[in-house]
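Asker: Annotations per TrEMBL:
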- B:6-27: transmembrane segment (TRANSMEM)
- B:34-54: transmembrane segment (TRANSMEM)
- B:60-82: transmembrane segment (TRANSMEM)
- B:94-115: transmembrane segment (TRANSMEM)
- B:135-158: transmembrane segment (TRANSMEM)
- B:189-210: transmembrane segment (TRANSMEM)
- B:222-248: transmembrane segment (TRANSMEM)
- B:260-277: transmembrane segment (TRANSMEM)
Amino acid sequence: MTAALEVRELYMTFSGVDALSSVSLSVPQGTWMGLIGPNGSGKSTMLNVLSGLYKPRAGAVVVSGSDLGRVPARSRIKHGVCRTFQHPQLAASLTILENVMVGAVRGRGASADDETGLQWLARLGCAEYAEHLPAEVPYGVQKRAEVARALISEPSLLLLDEPAAGLSARERAELVAALREVREVLPDLTLCLVEHDVGLVASVCTELAVLSAGKLIAHGPTDEVLADDAVKLAYLGSRSTT
Amino acid sequence: MELLQTSLILGVVVGIVYSLSGAGLVVIFRTSGYISFTQGDIAAVGLFVGLAAYNSGAGYVWTALLVIAVSTLVGGLVGALITVPLEKHGHLPAALSTIATALIISGLLNLTVGGDPRSFPEVSRSEALSILGVQMSWSDVAGVLVSASVFIGLGVFFSRSRMGVAMRAVNDNKLAGELLGVPDRRLKLVSWTVAGALSGLLGLFVAPILSLSTVSVNTLLVFGFCAIVIGGFDSIFGALVAGTAIGVMTNLTSTYLDPNLVPTVLWASMLLVLLVRPNGLFGRRKLVRV
């Protein structure tokens with residue numbers, strides 16, 4: 001079966017420094033993969049390469065069998081790739097629902113109507129804010145509205161960039177509940193979740209990929225990866241081994 | 001009392017046409033984020049071509065269609081060749097290029113057709129109806145009906161259609177627009193083309209009143225500009241309400257005070273709104289989190 005996402009020998013260099021070095025991984029359809037690693041390990045770079053914002057120095061990104069090497073960022077949504085941002089990128093003068101519907105302009109959910117948008121907002125627990133402007137709603141709602149906007153494009157690969165960053169404990173709990181709801185509704189969706197909160201990642205992802213200094217140091221089932229000594233070392237430093 | 005009624009009713013009629021001028025500016029502002037100062041000259045090109053056709057024997061309907069077609073084309077070309085490509089350098093160079101383009105078009109028109117005002121045909125000056133004793137011509141009625149239909153159409157387009165909502169998103173958040181695949185360049189060209197058509201339409205109602213010269217359509221653009229500042233740069237509805245209010249206000253000023261005071265009252269009310277509500281009466285206020 002064709003992998004939902006296949007990354008082959010990816011290299012990304014900034015001013016001579018390798019931000020990603022020889023990263024290869026394959027993610028089967030329907031897998032929720034957490035992409036973790038310490039600060040500066042290359043997680044965000046990886047997400048930017050997958051979404052087409054960065055052009056890698058070498059390597060290939062293949063989504064559902066299509067090589068996206070020559071596909072610019074603005075066209076990736078037609079290949080089923082959609083993402084959210086660490087800081088929500090919503091149009092300030094559009095209501096939350098209108099923002100969600102922008103996801104249907106070029107995505108594969110072109111036939112989606114306002115009802116579908118409201119349905120996604122409801123599943124993510126923020127339907128009551130549909131008619132509000134982004135600046136009038138809590139930060140957590142802005143982040144979930146971005147997820148709804150991405151989902152209405154009917155992606156096959158959803159990239160979430162630190163969805164829990166800046167959220168309160170309660171908002172994190174709401175986010176986890178919302179993500180579980182998404183997984184139930186869309187069992188075939190493949191998810192790549194970049195997040196600092198390893199506990200949150202472990203609670204929703206079945207697989208983990210760990211980056212350290214631009215290299216993939218572990219990839220596999222969540223439990224196994226968390227028990228991996230190299231991962232503990234990368235995350236907690238040498239003290240964890242003493 | 002009769003004078004008051006005439007001032008009020010004709011003020012509404014002319015005000016709705018002012019609003020149409022504002023609407024063209026809002027369409028461009030919503031997608032590109034700046035004001036176009038070229039719209040009057042775009043209309044002038046269409047009007048002069050239309051007038052030449054009329055003088056060669058074309059009927060009014062064909063003349064009107066030709067004016068709108070040429071203005072649409074010129075509007076689209078200005079967007080495609082000048083302003084939209086310049087946007088990569090920022091809003092300011094693009095906005096300034098609209099002034100330069102306006103002056104170039106105006107200069108070329110002066111060279112080719114001269115600066116003398118000419119009379120322009122209109123729908124009909126014969127009386128169509130009378131409201132509270134105030135007579136309205138078919139031209140007045142046509143101006144109101146066409147402008148009102150345009151407003152309803154634009155309002156529905158921007159609030160209900162997916163392309164309309166996307167056009168508003170393009171200017172608001174470029175990064176998200178790009179990653180969601182919103183075809184921003186195409187939408188901007190659509191907005192310039194539509195605004196060109198609106199300019200031509202506006203010109204058809206203005207040129208018979210002010211007579212056609214290279215500056216006459218620009219005179220009305222000033223009212224349109226004030227209408228969107230007062231109504232709110234991104235609000236089609238605001239342009240309609242403010243344009244109508246300006247029409248009534250300027251008519252009352254000219255009837256009861258002094259026609260020479262009209263510009264002063266207009267600019268003073270615009271300044272007042274800017275001071276009290278910088279985003280206009282109906283503009284969506286962008287809240288900033290601190």
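A Cβ is built for glycine as well, from the same backbone N, Cα and C atoms used for every other residue.
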Asker: Using a threshold of three or more Cβ pairs below 8 Å, and leaving out pairs closer than 6 in sequence, do the transmembrane segment (B:222-248) and the transmembrane segment (B:6-27) count as in contact?
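Answerer: Contact between the transmembrane segment (B:222-248) and the transmembrane segment (B:6-27): present, because at least 3 Cβ pairs are under 8 Å.
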Asker: Between B:60-82, B:94-115, B:135-158, B:189-210, B:222-248, who has the most Cβ pairs under 8 Å to the transmembrane segment (B:34-54)?
Answerer: B:60-82
Asker: Considering only the recorded stretches B:135-158, B:189-210, B:222-248, B:260-277, state which has the highest number of Cβ pairs under 8 Å to the transmembrane segment (B:60-82).
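Answerer: Selected stretch: B:189-210, with the most Cβ pairs under 8 Å.
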